[in-house]
Amino acid sequence: MKVLWVALVVALLAGCQADMEGELGSEEPLPPEQPRGQDSQPWEQVLGRLWDYLRWVQTLSDQVQEELLNTQVIQELTVLMEETMKEVKAYREELEGQLAPMAQETQARVSKELQAAQARLGSDMEDLRNRLAQYRSEVQAMLGQSTEELRARMASHLRKLRKRLLRDADDLKKRLAVYQAGASEGAERSVSAIRERLRPLVEQSQSRAATLSTQVGQPLLDRAEAWRQKLHGRLEEVGVRAQDRLDKMRQQLEEVRSKVEEQGSQIRLQAEAFQARLRSWFEPLVEDMQRQWAGLVEKVQLALHLSPTSPPSENH
């Protein structure tokens, strides 16, 4: 009985994996098996033979369900989700700190949009975890239901969730680019505005210096020239300081963008490793089930020669 449940769970997971691999563009083939049909996969052969025998099965052991359908998958997904949201929150706080010199209105808008993007990403990841938990519950109660319908529905949910997660990541990258451009443009406008405000003062000081030179003489002219040069130097100092701050802000934004891309790469690598771990869990079960199934077929065939009652024939 345990072998039959193992076969059923493996068949469902293999089917969902096949649909997801088709969406992600994976080209890794499943292990070879003697075909039941010309184009059928090994899990399809196992599932087809298994349904003939499951018509005789009326009850299942609760202990078998607890052993096979544990919460390890959902727990690992929860840890990955919490780590991801922690990194997103740290990135948002760092970016808000860098945008502190900007106008209050701009800073509030950026903070609000980043919080919304973080909330969407968290909602999508929570939805993914809930879908897997729902799928686990449906597998526990799936005896007598349509496996193909359950597998297709789960694969469709995962494809939609993957598209939503990718869309959120693209939206976050686009917003980063917009914020970087806006910060650069705002800093340049600030420098230009400071120069425009100080230009009349410089011109006025030059005019006064010329007037004083004609009225008072060379000493006052020298003093006015020194004042003009001091004011000009301060203006240049303000411009250089603003430019340095702009360059520093650009560098920090670039570091943040690199950090986000690195985190995205780590998430993808963890997802691939998680998928490989799932495959390594269930492939030995499939092989063991196939060996036990062969022995079961021999026993059934032997029983057919000894008993007038025979099981239903295969219609695949």
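Counting starts with 1 at the first residue shown.
Using the three backbone atoms N, Cα and C, a Cβ is placed for every residue, glycine included.
Over in Swiss-Prot, the protein carries these features:
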BINDING   Leu161, Arg162, Lys163, Arg164, Arg228, Gln229, Lys230, Leu231, His232, Gly233, Arg234, Leu235  heparin binding site
MOD_RES   Met142  methionine sulfoxide
REGION    209-289  region 'Lipid-binding and lipoprotein association'
REGION    277-289  region 'Specificity for association with VLDL'
REPEAT    79-100  repeat '1'
REPEAT    101-122  repeat '2'
REPEAT    123-144  repeat '3'
REPEAT    145-166  repeat '4'
REPEAT    167-188  repeat '5'
REPEAT    189-210  repeat '6'
REPEAT    211-232  repeat '7'
REPEAT    233-254  repeat '8'
SIGNAL    1-18  signal peptide
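Over all protein chains present, the Cβ of Lys163 (heparin binding site) has 12 other Cβ atoms lying within 10 Å.
Remark: secondary structure over the region 'Lipid-binding and lipoprotein association' (209-289) totals 79 helix, 0 strand, 2 coil, with classes taken from DSSP. Cβ neighbour count for Arg228 (heparin binding site) (all protein chains, 10 Å cutoff from its Cβ): 18. Burial estimate for the binding-site residues (Lys230, His232, Arg234): highest at His232, by number of other CB atoms within 10 Å. According to DSSP, Lys163 (heparin binding site) sits within a helical segment.
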